[in-house]
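Engineer: First the structure, then my questions, so here it is.
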Amino acid sequence: MGTGNQTYVREFILLGLSSDWDTRVSLFVLFLITYMVTVLGNFFIVLLIRLDSRLHTPMYFFLTNLSLVDVSYATSIVPQMLVHLLIEHKAIPFVSCAAQLFFSLGLGGIEFVLLAVMAYDRYVAVCDPLRYSVIMHGGLCTRLAITSWVSGSLNSLMQTIITFQLPMCANKYIDHISCELLAVVRLACVDTSSNEIAIMVSSIVLLMTPFCLVLLSYIQIISTILKIQSREGRKKAFHTCASHLTVVVLCYGMAIFTYIQPRSSPSILQEKLTSLFYAILTPMLNPMIYSVRNKEVKGAWQKLLGQLSGLTSKLAI
């Protein structure tokens with residue numbers, strides 16, 4: 001399997017978080033519970049939006065997309081990580097590693113663009129409420145959602161192709177919890193300057209550009225809110241955006257910390273913990289944030305629970 005001093009790697013070994021058995025079992029239980037909460041939480045958000053006609057609005061259409069992205073992202077990483085916590089030989093085939101990088105990177109990119117789209121939706125809702133239904137019509141919402149999915153997928157495809165064309169020589173140990181882009185690039189036994197430039201350009205286009213659009217949207221939103229005379233009106237306008245703004249801080253904060261930084265930092269452990277937070281906690285927290293801080297979602301939950309309670313009572317009779 002070699003030509004000269006180059007060896008083509010058939011599989012990689014993920015070093016994971018810990019080699020201690022007791023620690024791995026504890027992490028397995030913790031991550032399994034977190035993953036189950038993530039799947040159920042996002043599933044119920046999507047189901048609730050589907051069943052309650054009051055939530056058939058652009059905001060909740062985009063929230064449905066966000067929930068699907070979150071579940072898919074967690075699923076691209078967590079199940080394999082759970083398996084690896086219980087086995088000694090943490091191998092992942094070359095093709096599986098490439099597929100994992102493609103899906104995780106693509107879904108992350110989709111989420112960044114989707115959050116920018118949601119910020120535009122909130123901008124229109126607060127700054128031009130009288131024309132909201134005219135501007136945010138079904139056709140535009142569908143096109144914006146498609147743009148999010150296509151742009152993230154294309155970027156991921158490009159990064160995956162150029163990354164796995166690198167000669168890995170005999171390097172097959174990935175010091176990470178998954179086949180993460182930077183961790184795989186570090187395995188190359190050639191100069192990776194062009195790859196690093198591509199990652200930086202990709203980060204600017206698919207991470208910083210949406211982030212700047214979100215920032216501009218919220219500058220306009222805050223400016224509009226401050227002009228509202230009544231305290232109740234300002235409070236209502238703020239609550240319209242509070243859930244989305246919280247999710248933006250979580251998602252963009254972690255991604256910027258990972259990809260937009262000096263090369264000397266952070267440490268490998270920090271990278272692992274950041275990726276872990278983004279793969280496990282963020283997808284779990286998103287539905288909770290929208291449920292706890294959103295009156296419409298809480299009202300829909302109460303209505304659904306009331307209907308289920310009434311149905312249970314009838315069945316009991």
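Glycine is no exception: its Cβ is also placed from the backbone N, Cα and C atoms.
TrEMBL lists 41-290 with the feature domain 'G-protein coupled receptors family 1 profile'. Positions annotated as transmembrane segment by TrEMBL: 25-49, 61-87, 99-120, 197-219, 240-261, 273-292.
Please go over these features one by one and say how buried each is and what sits next to it.
Structural biologist: Using a Cβ-Cβ cut-off under 8 Å and counting only residues 6 or more beyond its ends in the same chain, the transmembrane segment (197-219) has close neighbours at 109, 112-113, 115-116, 119-120, 122-123, 151-152, 155, 158-159, 162, 181-182, 185, 241, 245, 248, 252, 255-256, 259-260.
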Engineer: Summarise the model confidence on the domain 'G-protein coupled receptors family 1 profile' (41-290) as a single mean pLDDT, whole number.
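Structural biologist: Looking only at the domain 'G-protein coupled receptors family 1 profile' (41-290), pLDDT averages out to 86.
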